[in-house]
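Feature list (source: TrEMBL):
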- 1-62: region 'Disordered' (REGION)
- 30-39: compositional bias 'Polar residues' (COMPBIAS)
- 81-99: transmembrane segment (TRANSMEM)
- 119-137: transmembrane segment (TRANSMEM)
- 195-215: transmembrane segment (TRANSMEM)
- 221-240: transmembrane segment (TRANSMEM)
- 299-326: transmembrane segment (TRANSMEM)
- 338-362: transmembrane segment (TRANSMEM)
- 695-721: transmembrane segment (TRANSMEM)
- 741-768: transmembrane segment (TRANSMEM)
- 820-837: transmembrane segment (TRANSMEM)
- 843-863: transmembrane segment (TRANSMEM)
- 928-949: transmembrane segment (TRANSMEM)
């Protein structure tokens, strides 16, 4: 708590300081309204902006203020920086005290005459120096990490603020780029802040250790140093090499992810066509390439690990050998050897850190440039908009270079003004100008009162429906109800699972286009502003809903009758009722006046009327048709009682059409929360991973590590014996062969110490095993994902699945093997150290036990906490980014309503939540480190103490050995915990990859060859529901469809038409009853056997990246002639012949490089190629012009004459010539007979036909 408060105070201080610095610039903007002056408080760009003039060197790139970001950060956080420098210096100096104390201690043990109290003093001093060292280090780390999160927070806040007022934000940088600035670049700064002090500390430590070593060994140190310097280029070479492999692998990864996201977006098509195996093969091919690279990368890595572990050993070997060989009189005694070794150990860390810090510095530099360019960009200039209350007028006088020429408008308060004009005449630009979103050249706009804005594309937040409408205002129940009624939202609320408490997905994913638009309108109406700017809000809704909205909201009798309304519109029917019409042509106002005046003028407006009027008439006639599904964007709302929900027809229905609105449990949450794993990771996970590696591999890898450490202990014992020679041959000359033997064995042990060969053996094996595990895991994940039932995809966001393939597979590929390796070597290191101390002073074994118990408890306590905190961090981080993305996409709306301050606040709140968990995680790490280093210090203390107590019996060498190992143990203890917790965090990936279950593609019972030969379909009391907790969609359907019959299926939206096709393909499994095709129950055979023998032409044509041929025939089952024949019948032959590459023409992602109509024809060609006995048409003519539609219908009639065809119709015309028509209502068959019969007798069908203007079957040839 205290720390949090302290942090808050620091933050506040920081803010005050920044504010003080800003005040200077604020004087000249004080006359601007409150909301705007808040926006001007962006971070510190104000100051550095003045430097723009003298930095004119960057020619082509747009100039931006440079070099201010780092300065600003330093100015803001100088106290933190200073303190951490202080702690770090103290720590660095004390690090060098321990080796000196060790030297004294060894001298004390070797010297018979010395007093005992000296020994005790040395032991206590060793303990104290270790303690102080650890306290300083932890303080320093804590400060660094705090600096890191504060830097990240201030950068994110600055970027967010900048987005609120940056002019160029929507244009010059995409949403993705800005989100990247927030996530990647701010994160880089955070990482850099943790290590920034190594830049001066590493060189300092290196210099100090060389100085002390020179004192010990004289010039022969240079031999050791030479070895170190030689290893640097070797390492650099390895790093460069592995970097190229990484880059190559990133390409493979991207390609794999691209295919994956395509598979997930088109999963329904894959399932309906039973194409999963072909795509699985494609992904696995890429994956194989990726793993090959990964294996090479791991080999390189194991070589560099090998070099790295050899280094300290080779260094000491070189130095000692040179020292002994240079001069006969140089005798290696215990003091020298072990002091040198502990100094070499100190040297390892800065040598390793320096290159890392430098490369991280380079990356941060790139980020700095990007951030400076973004934060230093131009701001939105709102000076053209005045709010002076001179007359009760609103007069935009706007001059624009590109979009608007001179525009003079005078709008009286309370009037309804329509702005009309052809596409691209600058209507939306005029709106943007009013909102101050455009660059103004000259002139000004005077706006009195508050604004509300309804954009052309509705912007919906990820919140409940109610929050979307209230938009931060207080709730006034009566007004709220009034607004909902006026905006025709009541029927929708009845359909939504939880009424206005339903959670709307991001970008309004579970609302239809028309519903989004109405919610957006309701938000504006509720905000009760003075001026309403409406950018074509009626385009997305149906004509009759449009009329209703105009009457109840916008028109002379609507809710807004006393407000100033500026309505951009295309629908001419409302124009007679508006007060004033502004006609725009090519960015200028050509005429304005009332409807009558303009008609009389015979100007552009009259022509416009003639052009559009005719279309409007047809449209409004068409639009009264009962099933006219696709007039606008949105799923048609048959009639008002039956408002569609999220086009439950179009997307395989995510909800039941008529649940009682009160049951707010069912389906209220569309998307299930991602499970955050809690508790300890099960041991079975580790086993599962090791099994994937292969148990034999695992065993031999472990043995390799054991071998390495056995050799390690051997080397050190040998060294201690060598140094004891100094005592033995005290006054004689040292025999040469003895010397050479010592050096030789020392070298041999060291090299075999697999800090070399054993290690190399182990790492290369583990590289191979890990790659094998990656292959197995990915294969399982992929095959599971492709085999899960369709309902899984409705409730799981694609992003989450993609995340499994990106993040979790990456973890399994790269992080887990590393974690496993470092964990093993830490464990072995600790065991071998304790072993050596025990060998020197056997009593030490007694002390190990209590220390071990203490250590274990600290570890358990910490690991579980840390794991949860890590999880919390990642869970709380994503809201920051999604909120940011939402803000960017809804910028114009937020600015228009003047809600910037509220969104800034919201951003700060989400960030604080994340900061809390990060901060706690950091502090918990420090807590742990202090406890552990204390254990380490105790180990040092006791090994020294025992050495002092058993002084007479010990040789100097063995004491040196035991204490110098103890000095090294602290770091290793720390690392063991680190790696254990890292391993636990990462092994979760294995758990997540195994989450999914599957249904078999091919069962034991195969259908007979050539099935279905007749194509008869029988439904027997068939019931189905979308998800277990929802009600039935089809409520017991019984019917027979004979061989080669043509059957049309009609019904209002949500009657269950699409559900019927889904059932035939077993995309939905039965809740009761069965379907027989040619007397085979479809639930008894495998999915692929079923789906390969049916054909569907789906509602939305989905194509995949790849050649055109691959899209038609992914399994290469047909010859080229057959493919061309199919293309010819689908009227695509001439088109394909003109393409570059013809059949091998590459289709881009989602088929973007073909028109929608062509994609539809490609789908038709697919069906023609398969030529199954049963064809299902989920009426696909929405996207196609009438001519193509006609072609498709004719082709189907001629080519599929001998097949059973089920057509799901949205337009009645298409099914009037079928043999029989099935009419569905609320999941039941209400009529089923030939169209002539049904037209004759009054009923649902004849009503629908009448609405569509069909009286007899002849008139409908289209």
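Cβ coordinates come from backbone N, Cα and C, glycine included.
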Range from 119-137, 195-215, 221-240, 299-326, 843-863 with most C-beta pairs under 8 A to the transmembrane segment (928-949): 119-137
The transmembrane segment (221-240) vs the transmembrane segment (81-99): 3 or more CB pairs under 8 Å: no
Same-chain residues near the transmembrane segment (195-215), Cβ under 8 Å, at least 6 residues beyond its ends: 84-85, 88, 92, 95-96, 99-100, 140, 144, 221, 224-225, 319, 340, 343-344, 346-347, 349-351, 353-354, 356-357, 360-361
Range from 81-99, 299-326, 338-362, 820-837, 843-863 with the greatest count of C-beta pairs under 8 A to the transmembrane segment (119-137): 81-99
Contacting positions for the transmembrane segment (81-99) when only residues 6+ beyond its ends and CB under 8 Å are counted: 74, 126, 129-130, 132-133, 136-137, 139-140, 143-144, 147, 197, 201, 204-205, 208-209, 212, 339, 342-343, 346, 967
Leading contact stretch, 338-362, 820-837, 843-863 vs the transmembrane segment (695-721) - CB distance under 8 Å: 820-837
Outside the transmembrane segment (820-837), six or more residues from its ends: residues with CB under 8 Å to it: 305, 701-702, 705-706, 708-709, 712-713, 716-717, 763, 766, 770, 844, 848, 939, 943, 961-962, 965-966, 968-969, 972-973, 975-976, 979-980, 983
